[in-house]
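What TrEMBL annotates here:
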type: ACT_SITE; residues: His256; note: active site, proton acceptor
type: DOMAIN; residues: 14-96; note: domain 'O-methyltransferase dimerisation'
type: DOMAIN; residues: 118-327; note: domain 'O-methyltransferase C-terminal'
Amino acid sequence: MGSTEDLDYPQIIMQYSNGFLVSKVMFTACELGVFDLLLESGKPLSSDAIASRLGASTMGMERLLNACVGLKLLAVEMTQEEALYRNTEISNIYLTKSSPKSQYHIMMYYSNTVYLCWQYLADAVREGRNQYEKVFGISSKDPFGAMYRSDEEMLKFMAGQNSVWSICGRDVLAAFDLSPFTQIYDLGGGGGALARECVSLYPNSTVTIYDLPKVVQVAKEQFVSPEEHQITFHEGDFFNDSIPEAELYILSKILHDWDDDKCKQLLVKVYKACKPGGGVLLVESLLNEDKSGPVETQLYSMNMLVQTEGKERTAAEYSKLLEAAGFGVIQVKRTGKLYDAVLGRK
């Protein structure tokens with residue numbers, strides 16, 4: 001590591017301040033369908049052709065395409081007549097709608113919802129609460145009422161979460177050997193992508209997705225086929241309704257939405273419902289114990305501030321919540337990816 005004299009501080013500051021420009025370029029290219037068009041065409045296209053087919057200005061499209069080239073999302077080859085653009089491997093895999101690992105839907109959720117909330121980050125820091133009231137005119141006391149403010153927004157959020165688990169789900173489910181648990185409840189399981197990964201990895205298991213009635217309805221209609229017999233549904237609000245008995249409960253990105261008191265309330269209910277010898281698997285992005293990183297998790301925690309009532313936590317903080325609810329033999333596994341796993345046993 002070089003000395004501080006080796007660091008180009010102005011360059012670092014400019015890179016940080018340009019970060020939102022980078023993400024917006026990627027979001028815009030996704031939204032306009034640039035990557036989908038280039039995949040479907042099967043050959044490189046000129047900026048004129050892309051602009052024409054997508055109903056955009058040639059001047060604007062050329063600048064967007066060149067910015068994507070700079071970000072390694074597109075490649076360009078120069079002919080004698082014109083520049084021809086094509087997808088790179090990363091955009092084919094992660095940014096086209098048809099790819100099994102597509103992140104298109106989470107991109108659109110970030111662009112059209114998260115981005116709007118972050119415009120009020122300073123207010124969130126001053127007030128210590130989410131900013132849905134300013135952004136959408138919806139009470140900040142009902143985060144999921146805001147996230148599910150319309151059928152379209154709910155579908156977008158669920159599709160976005162599914163896309164995340166399509167690339168991260170197996171890592172967290174394989175962090176521990178969950179094969180002894182055959183009866184599993186996925187609390188807040190949404191569109192079912194994590195449940196699908198679970199029954200694929202542990203074929204002797206059945207997973208019940210416990211979620212709000214309107215979420216379950218959309219999951220059945222849009223995401224989970226009736227032929228997927230190992231996945232079933234339970235409609236309810238797990239904070240206010242009873243939680244059925246099971247061997248393992250999965251809480252993936254649930255506790256980070258809520259303050260400590262609400263987390264304890266839920267975990268106590270889970271502990272009471274859990275069969276002896278069973279457990280609970282927390283899937284969260286873990287902060288270092290001194291909260292010095294990882295930077296992605298620190299940024300997620302800022303996002304929890306502007307969007308929810310919760311925060312990201314350290315492994316010790318999650319362990320303390322589990323212990324307070326009665327769980328013991330707590331194990332922590334960092335996956336080295338975006339999300340980690342914490343297993344508590346009854």
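Note: Cβ is positioned from N, Cα and C throughout, glycine not excepted.
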- Cβ neighbours of His256 (active site, proton acceptor) where a neighbour is any other Cβ within 10 Å: 23
- Residues in the domain 'O-methyltransferase dimerisation' (14-96) grouped by DSSP into helix, strand and remaining coil: 53 helix, 12 strand, 18 coil
